[in-house]
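J.: Below is one structure. I have some questions about it.
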Amino acid sequence: MKETQQIKSMFDRIVRRYDFLNHLLSFGQDFFWRKKMAEQAINDSTPIVLDLATGTGDSATALLKSGARVVGVDISFEMLRAGNKKIKKNIKNAIFSPIVASGYKLPFRNECFDAVTCAFGIRNMHDTESAMKEIYRVMKKGGKIVILEFSLPEGFFRNLYLLYLKKIVPFIASFFSVRSAYEYLGSSIDGFYKPHEFIKLLENCGFSNIKTISLSFGCVYIYVGKKN
């Protein structure tokens, strides 16, 4: 798929400053967002979690610190390599397995994960429905899907946020990384599903008991669902 290759190439190119810019441009809130996602995914047991679009491992780190065993999947080898190195350095005896694969064709048998998480990766999968159905396939019955994704807030703040995303973010990023990648960030957020639309998509793909958690004035949402 041409779009998938373009996304892979983009993330391969921005890996060196990726973490730094994530923390800078989110004003450090990305740590909090990922921690909240991990809290939703983990229960009292020690689950096996698939972290889709795991990138440089910040979400996997939050999951590992919560006691999970994590399989991290990403299409970018460079991102995975950076994430694996960081996890090995920072978490002793972490059970983390990095795998290069597409979210459209996961190399796992049916019903093998207790939970599937994805932070800021779903909007990069242009055939979102196919990706959701593949997630559903690899989840155990009773398992959780937990999606952390950007959204657009309502009201006056929406226009300020769009200005920040489409003008200020690319300008700042251009001093440290590839400007076009951060122009894509704003356009991909603007073009993504509204929360009620994404909930409907999850339901159409078989997920139930869906709830949402709004963070940072509606700039970020956590979607939690279950496979019955």
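Note: Cβ is positioned from N, Cα and C throughout, glycine not excepted.
Keep in mind that this is a model prediction, so the values were computed, not measured.
Relevant sequence annotations retrieved from TrEMBL are reproduced here:
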- THR56, ASP74: S-adenosyl-L-methionine binding site (BINDING)
J.: What three-state class does DSSP give THR56 (S-adenosyl-L-methionine binding site)?
T.: coil
J.: Any same-chain residues 6+ apart from ASP74 (S-adenosyl-L-methionine binding site) with CB under 8 Å of its CB? Would you list them in sequence order, or say none?
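T.: Set apart from ASP74 (S-adenosyl-L-methionine binding site) by at least 6 residues yet with Cβ under 8 Å, we have PHE11, ALA53, THR54, GLY55, LEU80, GLY83, PRO98, VAL100, ALA101.
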